[in-house]
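**Q** The structure is given below, and queries will be raised subsequently.
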Amino acid sequence: MTRLTLDHLNVGYGGADIVKDISLSVGSGEIVAIIGPNGAGKSTLLKGLAGVARVTSGGLEVDGTDLVPLSPFERAIQGVAFMPQDRNVFRTLTVTENLETSAWGHDDIRARMDEVIALLPTLSGYLNKAAGGLSGGQRQMAALGMTLMSRPTILLVDEPTAGLSPNLVGEMLDVLANLTRHAGIGVLIVEQNARAALTRADRAVVLVDGRLRRVGPAAELAGEPDFGALFFGDHA
Amino acid sequence: MQLILNAIASAAVLAPAAIGFTLIFTLFRYTNFAAGALMTAGAFAAWQMNDLGLPIWLGGICAVAFASGLLMLSDRVVFEPLRGRSGGTLLLVSIALSVIIDNVIRFAYGTQIRAFDLPLRPPLTYAGLRFTPETLSVIGISVVATLAVGALLAFTRLGRALRAVADNPSLSSIRGLPVPRIEAAGILLAGALFGLSGTLAGLDLAIEPNLSWALTIPVIAAAIVGGLGSPLGAALGAVIIGLAEELTVAFISAPYKGAVGFVVIALVLLLRPQGLLGRAVERK
Ligand SMILES: Nc1ncnc2c1ncn2[C@@H]1O[C@H](COP(=O)(O)OP(=O)(O)OP(=O)(O)O)[C@@H](O)[C@H]1O
Ligand SMILES: [Mg+2]
């Protein structure tokens, strides 16, 4: 079942479009990885989906609902959870407070917290620390936990493994993969750890200069001999 | 000792407003120079109700509601359309707002000095300290209000949300927080605190339109000394300003009292821009 549909989507910040002509769909229980060089527009694409950057033309739907006219808040209510690449936690709040605040409007916060901590058990080691004082990896864990507090149907995650130790990279991606399959959510993930992401993703897209360079099954892309070139955007 | 009691009494008047000012500053990143005018409007609202025959505590509640509504109204009319403008622009706008409120009060009530209609009771003495029953009420109410707002911010869902929005409004919307509603709650709360401080000022001082100027700078100074972060910081800032004012009156000269706030603001900005308790305020 298709959850998220992008139809010839263009996204920008008010000037020229940064991301151009993206058509893509993400199904229920599916992980789609976005890879590409720095500055390709990966974050801009996710921001456009979350409503933080402006969709200048094209269609964007979640479960049949047109997202384009909706604010970031309204998109969140529609089940879209976006984990930004940076400034993704409330630094002056504790980790517990960050999680609680991310389930505003729900009265089963305790149950959701337990659920998220069960998924990301390392969180329990620093629940009472101010998020501003966390290490990079701890912060990413907290930020991912916050996105899960809303029990999203669409998860947009921007480099969640940045700053994580190598063993935690695999762990976090596995958590995402399991969650995706079991809860039937659709995941769009931007990853620098391309190989690690491709082993968990169903499909992958390569974004270069704001355009989709390649779309295909993750395993197929990972196996291509010129994978490195694709990833780094060389015009080889 | 008498000096310390007097300082605590002035601090008690300033503290709720300093907390309100801090709340507005952390949510919207601007210096609301209309703090004193809102307090004065509150004082006059309380006086008006008192004059109409309501007991002073009811007058105080009316003042809290009135100042809260007035700050909300001024936000909708002037500040909301300018959201995202620089702090300097909003400061100027708030100075203009302050002048408008002051003049409306002057127009309506003249420059005559007024006081609440309170039963005349002799000052109490205890351990060599002289104080009126009103002083005790002012201190008690202020302490309770400070602790209540502190608890609200620390322990309630709304308090957490207010801190989250103050920390990062964009992330707040992304995480599904109804930011405009939470901001509105913050504005109402800040306005209520201005109204409360205004009523306390009316109990402690004389009620006249010039009150506005006498209050604005100390309130802002207290908030800045307190680090523009926590309510307890703002309350502590109020105590420090109160002390500095009383020391000035005792050892320099009463007319210089009004300069204390300016001097303290200048000193803090020079020596410790993050305030006494605060962390560096992030510029946006
Ligand atoms: N807020 C903004 N306003 C204007 N331009 C922006 C903004 N954010 C990013 N850009 C521009 O958009 C382009 C794409 O940036 P984006 O952050 O989307 O790249 P990215 O693929 O996520 O890179 P990275 O791998 O470094 O995270 C860049 O040229 C950048 O300068
Ligand atoms: Mg990026």
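Glycine too: its Cβ is placed from the backbone N, Cα and C atoms.
Copied straight from TrEMBL:
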{"type": "TRANSMEM", "residues": "B:54-74", "note": "transmembrane segment"}
{"type": "TRANSMEM", "residues": "B:86-105", "note": "transmembrane segment"}
{"type": "TRANSMEM", "residues": "B:136-155", "note": "transmembrane segment"}
{"type": "TRANSMEM", "residues": "B:184-207", "note": "transmembrane segment"}
{"type": "TRANSMEM", "residues": "B:219-243", "note": "transmembrane segment"}
{"type": "TRANSMEM", "residues": "B:249-271", "note": "transmembrane segment"}
**Q** At a threshold of under 8 Å on Cβ distances, which of B:54-74, B:86-105, B:136-155, B:184-207, B:249-271 pairs most often with the transmembrane segment (B:219-243)?
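**A** Most contacts with the transmembrane segment (B:219-243): B:249-271.
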**Q** What residues in the same chain, six or more past the boundaries of the transmembrane segment (B:54-74), come closer than 8 Å to it by Cβ-Cβ distance?
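**A** Non-local partners: 34, 38-39, 41-43, 45-48, 97, 101, 116-118, 184, 187-192, 194-196, 198-199, 203.
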**Q** Out of B:86-105, B:184-207, B:249-271, which stretch touches the transmembrane segment (B:136-155) the most, going by CB pairs under 8 Å?
**A** B:184-207
